[in-house]
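Asker: In case it helps, TrEMBL gives these features for our protein:
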type	residues	note
BINDING	CYS38, CYS218, HIS243, GLU247	Zn(2+) binding site
MOTIF	40-50	motif ''HIGH' region'
MOTIF	276-280	motif ''KMSKS' region'
BINDING	LYS279	ATP binding site
DOMAIN	346-400	domain 'Cysteinyl-tRNA synthetase class Ia DALR'
Amino acid sequence: MPHSHLPPHPVLSLHDSQSRATVPFTPIDPAHVKVYYCGPTVYDLAHIGNLRAMLTADVLVRLLRYVYPRVTFVRNITDVDDKITARARANGEDIGSLTQRTTEEFHQDLASMNVLPPDIEPRATHNIGEMQAMIARLIKNGHAYEAEGHVLFSVSSFPSYGALSGRNPEDLEAGARVEVAPYKKAPGDFVLWKPSDADQPGWDSPWGRGRPGWHIECSAMSHRYLGDSFDIHGGGSDLLFPHHENERAQSLCCFPHGKFANYWVHNAMLLVEGEKMSKSLGNFLTIRDVLAQAPAEALRLLLLGAHYRSTLNYTQAGLQEARKTLDRFYRALAAGPVPKTDVPEAVLQALADDLNTPKAIAELHALAAQALAGDRQAAGALKAGAGMLGLLQGDPEQWFKGDASDEDAAIEALINERLAARKARDFAKADALRDQLQAQGIVLEDTKDGTSWRRA
Ligand SMILES: [Zn+2]
């Protein structure tokens, strides 16, 4: 898919968090665009909030690859973290086996979501030397200090601290969220290196055996693979402060001749049925939870249905709606031959306008309508346009067959639950289950031999 022609077409605009504006995207080197995204901390299955950031990156990188001849996309793996140590201990599992297993699960889940892998996926534990070199340099040039086995970044040494997230340092110090520790010169100073006891993972260093703070990992890995200045740094909006603010401070103080990231892209958060996703609310959804009940493309379409900077409300109804949309799109493809065509201009323009995926999807709806009315060029354009969003990648016949076994099992479980409710004379529950099945397009027929079902 990469085009070799320059200048790039179409002109891409992106919302840059630091300038708080949507601005034209001008790469440092149009012959080679460089992107860094913060990857997962590997101790558990990825949830659909994590997926939203990975999908935003995926659409951005697909578009960049279409426009520019070469793109290097780096996404790290954080495989040293106190959450990992705690989980390994709770599982009675070795840290290495936990991070290995979780990394593999993450790869499988993203592959099943058709998220393309990064070009380089560095692991934090393979870059400890780079982190130590950066920390030593920060101490040498007066931006960091050693205290009780810790090395801390001195926020007051960097006047531009807070410029990315729009917070000023006085607010930060007044804020209750900074960790207060006796060895800090100022409450906002953050950890670059901390001591490890015998039970914690650790590496020898000039400051004693210890482990890196989280923020320095990304600064070291982005520098190693992308240099002093690169084009785009991205992640979820929850990373803007303190993680990205701190990455920026470390990197600019360590490499003052570079610019670190020229553009910052942040996706908004995701709600589940209108509520913040949390384990305590019981609405915590892993990618696997959703894929047990719907095809991957339905989840993908649902998540791309909102602009990445808008809060996305994940709902069951939305998932069913996305599935029906895909039924329609696949019907449009299946209705006749699908000629190979270019990506339609309207889809490209929508995506080039700060990744306006809802608008791109609206264009796909229009193309599907034309294709269903007999326009086979439109069917080709539908497939090519959907490809930019990583959608309609399957064979229509396969789509309509579906992963029938899992789904059928889920439907039959609901039917059995309804029969049990009827036996218990809980008719309200039985009716609610019937409605739920109906919403999924399942028609029930009660006969003297039991209940049979079919898809509407
Ligand atoms: Zn990061």
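Just so you know, glycine gets a Cβ as well, placed from its N, Cα and C.
How about a rundown of where these features are and what they're close to?
Answerer: In the three-state DSSP scheme, GLU247 (Zn(2+) binding site) falls into the helix class.
For the motif ''HIGH' region' (40-50), the list of distant contacts is 77-79, 81, 83-84, 87-88, 98-99, 102-103, 105-106, 109-110, 236, 269-270, 272, 277, 284-288, 290, 299, 303, 314: same-chain residues at least six beyond its ends, Cβ to Cβ under 8 Å.
Residue counts for the motif ''KMSKS' region' (276-280) under DSSP, split into helix (H, G, I), strand (E, B) and coil, are 0 helix, 1 strand, 4 coil.
Long-range Cβ proximity for LYS279 (ATP binding site), meaning a same-chain Cβ under 8 A and a gap of 6 or more residues, is found for none.
Looking at the domain 'Cysteinyl-tRNA synthetase class Ia DALR' (346-400) alone, the prediction's average pLDDT is 97.
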Asker: Quick check on the binding-site residues: of CYS38, CYS218, whose CB has the lowest count of neighbouring CB atoms inside 10 Å?
Answerer: CYS38
Asker: On the DSSP side of things, how many residues of the motif ''HIGH' region' (40-50) fall into helix, strand and coil, could you say?
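Answerer: Residue counts in helix, strand and coil order: 3 helix, 2 strand, 6 coil.
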Asker: Indicate the candidate from HIS243, GLU247 with the smallest number of other Cβ atoms within 10 Å of its Cβ, considering only these binding-site residues.
Answerer: HIS243
Asker: I want the residues beyond CYS38, CYS218, HIS243, GLU247 whose C-beta is within 8 angstroms of the mean position of the Zn(2+) site's C-beta atoms, in chain order.
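Answerer: Near the Zn(2+) site, beyond CYS38, CYS218, HIS243, GLU247, sit TRP214, HIS215, GLU217, SER219, HIS233, GLY235, LEU239, HIS244, ASN246.
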